[in-house]
Amino acid sequence: MQFKQDFFTQLPEFYSQVYPQGLSHPQWLAWSHDAAQLIGLTQPTDELLLGLSGNAAIDGATYYAQVYSGHQFGGYTPRLGDGRSIILGEAIGPNGAWDVALKGGGPTPYSRHGDGRAVMRSAVREFLVSEALYHLHVPTTRALAVIGSDMPVWRESQETAAITVRLARSHIRFGHFEFFCHSERGRADKLLQLLNFTITQHYPHLSCDPSGYKAWFLQVVQDTAKMIAHWQAVGFAHGVMNTDNMSILGDSFDFGPFAFLDTFQEDFICNHSDPEGRYAFGQQPGVGLWNLQRLAQALTPVIPSDDLIAILNQYQEALVQTYLLLMRAKLGLTTLDKSTAEQDKQDLELIGQFTVLMEKNQLDYAQTWRQFGQLDPRSQHSSLRDDFIDTHQFDTWYKAYQLRLGDVTDIAAWQTERNSVNPKYILRNYLAQEAIIAVEEGNLAPLQRLQQVLSRPFAEQVEHDELAKRPPDWGQGLIMSCSS
């Protein structure tokens, strides 16, 4: 790997230098060839294993943990930082640079009495979801590899330590800006320095002046809205949408007790530590705006409040338009050249009525959408109908859907298009759990198979049909803990 060190050299007050503590008897558990290509790597080598497990220095790496703060479950925590993630620098790839971070690399000055380690199950889950979201076309950070070990760590019980090697276009979070506004009061110079660095590095088309700052914040608002619209369309619940887990670039970031929906449930909670459902699936769009409001509050020393409010008011439109684009594609509705407010309203009602029917009839979210690839929309009798207990309500919806759909002349092409946007395979929690259990038993084959299948989620892959089935009773709607 070839590194540059722009963050390290230009923002010395934004991190602490710290070196990883090596895993004992490291071994490759997973490797993403797609992600490796981003930074010019090809194969997982023994030399690379030693370096990424913290047992040998990597040429050009600097090793540091970033400092930031954030709102966690609505309350402000003045000092957080990378408690177990150590960044090596920005690896230069054929199409840009990517931060390389060792998540689980050992304690840092921000570990808050923690051991700085990640357990194997959380490392595998983060790897799988990073790559699964990417192949579902959801904006996300990436995962290069998982490295296992025989090092014991204690959570609820004894487990083994592992490292997820994360790739990110940037690790700058909403919480970085909050830290230098709230926790380091009087450091508006550092806030401005961070803002100028972010624009120069990631928005080079913008200027570092008042007009550029406003244009940048608008881009952040729009990118965040688009990311969350993708989550809602694909049925993804993040679980811990604290502001320190929000990427400034609008990439899905810092995965913990996440879940993809099995049965559609608007108020689904995937996080055992969120009994009130602050971060429930249906709450995510509102939380996204709340988090952006906290970011805006931190930016008041450099951007006038009236401008920030005006930009925040554009969040809903960006969210709705992206959501409509994605959901119209799932339904096969014509994307209008000039969408009117009335048409948008009608389409949102049509989509909302269908998801309400899915919830009332306890239908599987992914499987139901996938059936549109077998649907003949010209037929008066939908093949979907048998899945609904209340067939009368479905018939009413289906008539409205057919009216909005209009004439479909090439049925085969229409069905192929539906299969290209409605995945057959998603990362169901029970599938991840089965792969983790197999890894604990020394068998990597189920993990490798699951990774391979999730890299082609829209393909039929009939030999893997069982991975597309609804979960067994024990695996339905699993709620995960934040323990990692």
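First residue shown is number 1, and so on along the chain.
Any Cβ shown, glycine's included, is placed from N, Cα and C.
Of the residues D6, D254, D262, D267, Swiss-Prot puts just one in the ATP site with G81, G83, R84, K103, D115, G116, R166, R173: D254. Sequence-distant contacts of D244 (active site, proton acceptor), defined as residues of its own chain at least six apart whose C-beta falls under 8 angstroms from its C-beta, comprise Y68, S69, G70, H71, Q72, T77, L80, R173, F174, G175, D254. Of all Cβ atoms in the protein chains displayed, 21 besides its own lie within 10 Å of the Cβ of N245 (Mg(2+) binding site). For R166 (ATP binding site), the Cβ neighbour count at a 10 Å cut-off comes to 27, with all displayed protein chains included. The binding-site residues listed here (G81, R84, D115, R166) include no residue with a Cα within 10 A of the Cα of N245 (Mg(2+) binding site).
Cβ packing within 10 Å was compared across the binding-site residues D115, D254, and the lowest neighbour count falls to D115.
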